[in-house]
Amino acid sequence: MSPCGYYSKWRNRDRPEYRRNLRFRRFFSSIHPNAAAGSGFNGPGVFITSVTGVWLCFLCIFSMFVTAVVSVSPSSFYESLQVEPTQSEDITRSAHLGDGDEIREAIHKSQDAETKPTFYVCPPPTGSTIVRLEPPRTCPDYHLGKNFTEGIAVVYKENIAAYKFKATVYYKDVIVSTAWAGSSYTQITNRYADRVPIPVSEITDTIDKFGKCSSKATYVRNNHKVEAFNEDKNPQDMPLIASKYNSVGSKAWHTTNDTYMVAGTPGTYRTGTSVNCIIEEVEARSIFPYDSFGLSTGDIIYMSPFFGLRDGAYREHSNYAMDRFHQFEGYRQRDLDTRALLEPAARNFLVTPHLTVGWNWKPKRTEVCSLVKWREVEDVVRDEYAHNFRFTMKTLSTTFISETNEFNLNQIHLSQCVKEEARAIINRIYTTRYNSSHVRTGDIQTYLARGGFVVVFQPLLSNSLARLYLQELVRENTNHSPQKHPTRNTRSRRSVPVELRANRTITTTSSVEFAMLQFTYDHIQEHVNEMLARISSSWCQLQNRERALWSGLFPINPSALASTILDQRVKARILGDVISVSNCPELGSDTRIILQNSMRVSGSTTRCYSRPLISIVSLNGSGTVEGQLGTDNELIMSRDLLEPCVANHKRYFLFGHHYVYYEDYRYVREIAVHDVGMISTYVDLNLTLLKDREFMPLQVYTRDELRDTGLLDYSEIQRRNQMHSLRFYDIDKVVQYDSGTAIMQGMAQFFQGLGTAGQAVGHVVLGATGALLSTVHGFTTFLSNPFGALAVGLLVLAGLVAAFFAYRYVLKLKTSPMKALYPLTTKGLKQLPEGMDPFAEKPNATDTPIEEIGDSQNTEPSVNSGFDPDKFREAQEMIKYMTLVSAAERQESKARKKNKTSALLTSRLTGLALRNRRGYSRVRTENVTGV
């Protein structure tokens, strides 16, 4: 007998030999003639002498596999398989791997990094466990249709905007200024400004009749009647002129541009009064409940703009006495720009403490509405869901929810404008878009939606559906007797009584995001529900069809189908109309599988095995079981799968995570799984994706509407207040006040009161005074110049210094005139020793002179003489005569200037007296001691 050949392989991912091709090795045994050496076999060889021995071994261990589940660890298989590559194989491998083969090999390794394979042992089913296929199911039929209604809708919201109208403000601007007049300046010490209302009689008889206004203002302050006159002059009617600046929507007229002020004589207070008649056309605003209105001037009138004396308007709110209010029917106001009269109208006038306001009266119900249109929607779908109506508006990406009962608009105060306006809009849309394709079904319907929105809805029906309904109605009328009438509950939904509440108001949210989110949710819900319904129905139908396929394929391969259905590895067999199944346990970790490299039957040249032969070796020494490799790593505990040997035999079998290739019933090589092309039996599920829906930025209330919610427009008020001075007064005009002019005017008025003679004297006095004032003005102007002031300051400083030195000189003349007149002569007197008498006689001529006393270092020559009493008396006489000479010269000089005889005569006599002066003796010119 020829030896039996075995092929074995160790699985070890850490060794490089694992991925390489196997080489053939054969070893011969005396038992089996076709034995082959297993490459890398590391255990004791197991030799089976004959086929009978295989069956005996199988019967010995079969009971163990049937009663207990033997599991094989994935690692045990690879531990029992090992390939020792030869040198030629390494050379071949290196020849096939180029620069890019390393990357390919790394990719293959990453693809082969899978879980370790599991081998199953499937015993033949004995019929102890039988199953059957479930009969076909009845697939559900989902009806997603709802009661949809097409239509046109107009959505209304709460009107938060103020009611605006034109009003005219009449007042007189009274300014009383008190000024103090200084010598060269004018100072305002007090200023009083007030607004005075213009009487209605002056408005009707002067302003709107002649376009003029009086310069007199009469008003009440502190419970006293006060009068003011422009420029403190007699009153007169002054023409109204347009203001220089006007704001948007506002015009104004006034009588003067100047503010009158009087500057009196220096040191006096004067008061001046100016009265400016001002008429302003302003914007007035009133908000719900319209019990007051505000003006763009900042004033608030606590009276309804709809207050009047007719049509029940006297019931409107008012906080003023009736004598302050006047209403004129057919009143014609004058346009102060064109001087033309306007159309007759009902004119209201109200006199307040500071102004008079006038406006045209109009009925309340025709002017204001508590609701305002928000959106016009041409295509709306209404459906009933959970006892509510849903209005889906795709153009706005919103869904509004309301009750199924209609809403009575009469419950809302001042909502009379809604139906008329909505009807006109719906008629326009229907005429332009749906006139040829749809018909109207009933009248317009109103619903109160969540969030405070009122939906005015017009149901529509396509022409095709209308024809079907008409045919159905004709058929019903033919089949029923004419005595029968429709029951009253056909319109019970609309006939539900609604409790009316008078003066009801609604509050609309400032955001519509909730409606947009509702629309998005409904859109997603509709799409998902429809998709799931279709999938469920299709899935059920597919299962019924697959059931028929399962039933037909079970006789062909019951084990594969049963394993797929039961989601576990089983062995199955058809037993009539039922299926017998048995469980396929996994091999344990103490088992090793050996794959043989030959598929030929020993001793036969025509019979071969159709599946590879394997040997299951237990590592715990319990024995070896021979079998065949089944499909999907199934281990068959028999070798009954035979076939006639054929030429050019080529087979691929899955063994673990790889395919083994047999050619002519002999093992050739191992092939990786990823090297075998794959075809898929799966069908992709093509579902419709959810459509994109973008949220549109919708504003319930615009910025202008939000700005108009208040009673006053503060921006307009600030604009008006800042322009007030520019509009009615000339801020660029400067009036120069001169105190000298004031003095001259006062003196002129005084002399004019004295008559003709006084005027003549006044001209002379005013001329002299004018010259004096001009001189003073020139001097003050020079001083006002910075350089002039600096020069004057320097001169004053120099004068002060000169005065200081002059004062010292005069003081010196008074205290010691000789020292002041003869400082050098008297210098030696300062050098006399203390206690020495300057008038004492010198003892001898050799004594130290006076000039040398106390100064021994003086190198100048000294006068060697002492005090001489005679010389002292002579000096006194000389001083007297010098005084007389000076006086005579002054007298003679004055006489020459005046050319008068008396003065000359006096001068001559004085000279003669001096010449004939007794006691005069000639002064000696030589020194007494002699030099």
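Glycine is treated like the rest: Cβ placed from N, Cα and C.
Swiss-Prot lists motif 'Golgi targeting' at one of the ranges 513-516, 593-596, 805-808, 881-884, namely 881-884. It is 731-784, from the ranges 623-676, 731-784, that Swiss-Prot records as region 'Hydrophobic membrane proximal region'. When the residues N435, N844, N899 are compared with Swiss-Prot, the one annotated as N-linked glycosylation site is N435. Swiss-Prot assigns the feature region 'Involved in fusion and/or binding to host membrane' to residues 179-185, out of the candidate ranges 158-164, 179-185, 578-584, 711-717. Sequence-distant neighbours of N620 (N-linked glycosylation site) (same chain, 6+ residues apart, CB-CB distance under 8 A): D590. Summary: among the glycosylation sites (N257, N435), the fewest other C-beta atoms within 10 A of the C-beta are counted at N435. Long-range neighbours of the region 'Involved in fusion and/or binding to host membrane' (179-185) within the same chain, counting only residues 6 or more positions beyond its ends whose Cβ lies under 8 Å from a Cβ of the stretch, are 261-272, 737, 739, 742, 780.
Per DSSP, the secondary structure of the region 'Hydrophobic membrane proximal region' (764-784) breaks down as 21 helix, 0 strand, 0 coil. As a summary of secondary structure, the region 'Involved in fusion and/or binding to host membrane' (264-271) carries 0 helix, 4 strand, 4 coil according to DSSP. Taking CA atoms as the reference points, N257 (N-linked glycosylation site) and N435 (N-linked glycosylation site) are 65 Å apart.
In terms of DSSP helix, strand and coil, the region 'Involved in fusion and/or binding to host membrane' (179-185) has 0 helix, 3 strand, 4 coil.
DSSP assigns N620 (N-linked glycosylation site) to coil, not to a helix or a strand.
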